[in-house]
C-alpha cells in the first residue's frame with residue numbers, strides 16, 4: 001500500500017527530469033554551433049600559440065665537510081653549518097654567474113623564423129648577427145633575407161639597406177647598422193637562399209635578470225643534496241644549451257674557489273722560502289766561520305749510552321721545535337689576517353683539529369665571497385656568515401695558541417732531560433757542543449725548508465688537478481610534450497564551455513521568459529480550471545483551417561479531440577437544446593477566432609448542425625475567414641434593429657458543409673456593449689438553440705472590454721484561449737479571478753500554438769505525430785522527427 005505513492009512520486013520526478021532535458025535538447029543546433037565555435041577557437045589557439053617546453057637538469061652539490069676528521073677540537077665547531085643549499089641556489093641565480101652564461105651563449109640576440117601569424121624561435125641559425133664592440137645594448141629588430149648574391153637587411157622602421165656580394169663574404173661590416181652579419185656555416189649557406197630570419201637585439205642587463213627570474217631551482221627533497229634546475233622555453237635546444245652552460249659554469253666557479261686555496265698556499269710557501277733561505281745562509285756562514293776559527297773538520301758521535309740518550313732527546317726537541325716554528329708561522333699569518341683572507345692549509349702541522357678548523361675557515365671565506373657577489377653588502381645571510389667567520393677565526397687563534405703552549409711545556413721537559421744527558425757527557429769539548437748547536441739549528445731550518453717545498457708541490461698539483469665541485473646527475477632533458485598550452489585542458493575547457501554557454505543562455509531565457517510555455521505552466525497558476533485541448537503550432541497560414549470535412553491533418557484531429565473533451569465536460573449538464581460555446585481570451589492575438597472557426601468545422605464534420613457567430617463587435621475577424629467585407633450584414637445589424645430576421649444574415653460556412661451556417665459581426669458599432677446587453681441577443685440564442693446542435697460564438701477578449709462578461713450567462717461553456725509563448729503568465733491570474741467569482745460560465749482552457757518557440761518539443765511530437773485511418777500518416781522515424789524540428 002505504501003509503495004504506490006512512492007512509485008508515483010518517483011515516476012513524476014523522472015518525467016519532470018525528462019521534460020527538463022528535452023527542453024534543452026530542442027536547442028541542439030545551439031549546442032552544435034557553440035561547440036563548433038569553441039572547438040574552432042581552441043584549435044586555432046593551440047595552432048598559433050607558441051608551445052612552451054620545460055627543460056630540467058639535476059646536479060649534486062658535493063659537501064667536503066662531511067669527510068673531515070675534526071679531532072680533539074671538534075667541540076669548537078658544534079652548531080656551525082658549512083653546507084647550505086640555499087646559498088648554492090643564490091649562486092646559481094647570481095648576476096655574476098648568469099652574466100657569463102649570457103655572454104658565452106650570446107643570449108642578447110634572439111633569432112626567429114617569420115610566420116604569417118607568429119614567429120618561431122630558432123637556435124643556431126645559419127647566420128649570426130654580431131653587435132659591434134660599442135653596441136652591446138643596441139636593441140631593435142631587423143629582418144635579414146638571404147639572397148643569391150648576398151643578403152638584405154630591413155630594420156623595424158622599414159628603412160632598407162642591401163649589401164650585395166658575389167663571394168658571400170659575410171663578415172664585412174654592414175654600413176648603417178650597428179652589427180656585422182656572419183655565416184655560422186662554412187659552405188652550406190647557399191642552401192638557405194630565400195630564407196628570412198628576424199633578429200632581435202636585447203638589453204644585456206635585462207637579459208641576465210630575465211634569465212634569473214625564469215630559472216626554477218629547488219631541492220628534490222628535504223634531506224637531499226640534489227638540486228633540480230628547470231627552464232621553460234619555446235625552443236628545446238636553446239633551453240637545454242642554457243641549462244648545460246649554467247651547470248658547467250657553476251662547476252667551474254666551484255673549481256676556481258678551490259684553486260684559490262691552493263694558490264694562497266703556494267704564495268705563502270714562496271714567501272717563507274725567501275726567509276728560510278736567508279736563515280740557512282746565515283747559519284751555514286756561522287758554522288763555516290766557527291770551524292775555520294777553531295780548526296774543526298768533522299765531529300764523531302760518542303758511541304756510549306749517554307750520547308744515545310742525549311741524541312734521542314735532541315731528536316725529540318728538534319721535532320717539537322719544528323712544530324712550534326710551524327705554529328708560529330700560522331699565528332703570524334693569522335695576525336696579519338684582518339680581511340678574512342684564506343689561511344695556508346696542510347703545511348705539516350701535526351694537529352688534525354687545527355687542520356680541520358683551517359679547512360672549515362677557508363670554506364666559509366669562499367662562501368662569504370659568493371654571498372657578497374650574489375647578494376651584496378647588507379644581506380642578512382652575509383652578516384650571519386661574517387659573524388660565524390669571526391667566531392671561527394677566534395677558534396683557530398685559540399687552538400694554535402693552546403697547541404704552542406702544550407708543545408712549549410713538552411719542550412721544557414725534554415730540555416730538562418737533555419740537560420741531564422748533557423751532564424753525563426760533560427767531558428765533551430765545549431767546541432763540540434757549540435758546533436752541534438749550530439748544526440741543530442741548521443737541521444731544523446733545512447727540515448722546514450724541505451717540508452715547505454713538499455707542500456708547495458702538493459698545492460701545485462691540487463691547483464693543476466682539482467676535483468669538480470658538483471656531480472652532474474642529469475644534463476638538461478626536455479619534456480616530451482609542451483607544458484603550455486595544455487592541449488587536454490584547453491580542449492576540455494572548450495568542450496565544457498561549448499555545452500555550458502548555450503545551457504546558460506537557455507536557462508536565462510527560461511528565467512526571464514514571462515510567457516506561457518507549456519501545460520505545466522498553466523496548471524501551476526490556475527490548477528482549478530481544466531485544460532480541454534492543445535492546438536499545435538501551424539507555421540503555414542494556408543493549413544490553419546480545415547481543408548475539407550474529412551481532413552485528417554494534425555490540426556483537424558486536435559480540434560475534433562477538443563470538441564469531444566467539451567462534450568465530456570458537459571455530460572452532467574441538463575441540455576435539451578443546442579449548446580452555446582463561447583470562445584474568448586485574455587488579450588488580442590491569442591487565436592480565439594481561429595479556434596472558433598476550426599471548432600465549428602470539427603463539429604460540422606461530424607454531421608452536427610452548427611452555427612458560428614462573430615460576437616466580437618469591436619474588432620471582428622471572422623469575415624476574413626469567410627472572404628467577405630467587414631461591413632457585410634451580420635449580428636450588429638440585427639442588434640441595432642436594422643433587420644428583425646437574423647437568419648436572413650446567415651451565410652454558408654467554409655467548405656460548403658451542410659447544416660453549417662455563419663453569422664459574422666457586421667459593421668462595427670459605436671456601442672457594442674449596450675447592443676450585446678439588450679434582449680435581442682438572448683432572443684437570437686434562444687431561437688438558434690432550437691435549430692442548431694452547437695452555437696460557437698467568437699467573443700471579445702475579457703481583459704480589454706466587458707462585452708463577453710455581459711453575455712457570459714447565456715453560455716453553456718466558455719473556452720478560454722491561451723497561446724504558447726505569447727500569453728503573459730501574469731495574465732492568467734485574471735482568468736483565475738474570473739473563474740473564482742463565476743464571471744464566466746464553465747471555464748475551460750485551450751492551449752493554442754503548442755510547439756511554438758521550441759520550448760517543449762517532445763510534447764508536440766508526442767501528442768500529434770501520428771495519424772489514424774486510411775489518410776493518417778505513418779509514424780516517423782525518431783531521427784527524422786528530431787531533424788525535422
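Backbone N, Cα and C define each Cβ position, glycine as well.
All TrEMBL annotations are machine predictions without curation.
TrEMBL lists 30-105 with the feature domain 'Polysaccharide chain length determinant N-terminal'.
For the domain 'Tyrosine-protein kinase G-rich' (433-509), the number of residues in each DSSP class (helix H, G, I; strand E, B; coil) is 55 helix, 10 strand, 12 coil. According to TrEMBL, the domain 'Tyrosine-protein kinase G-rich' annotation covers 433-509.
Look at TrEMBL and you will find 579-711 tagged as domain 'AAA'. Across the domain 'AAA' (579-711), mean pLDDT in this model comes to 91.
The transmembrane segment feature in TrEMBL is assigned to 27-46 (among others).
For 490-512 (among others), the entry in TrEMBL reads transmembrane segment.
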- Note on the structure: If one takes Cβ-Cβ under 8 Å and requires six or more residues beyond its ends, the residues near the transmembrane segment (27-46) are 485, 487, 490-491, 493-495, 497-499, 501-502, 505-506, 758, 786
- Task: Would you mind splitting the domain 'AAA' (579-711) into helix, strand and coil residue counts from DSSP?
- Result: 54 helix, 23 strand, 56 coil
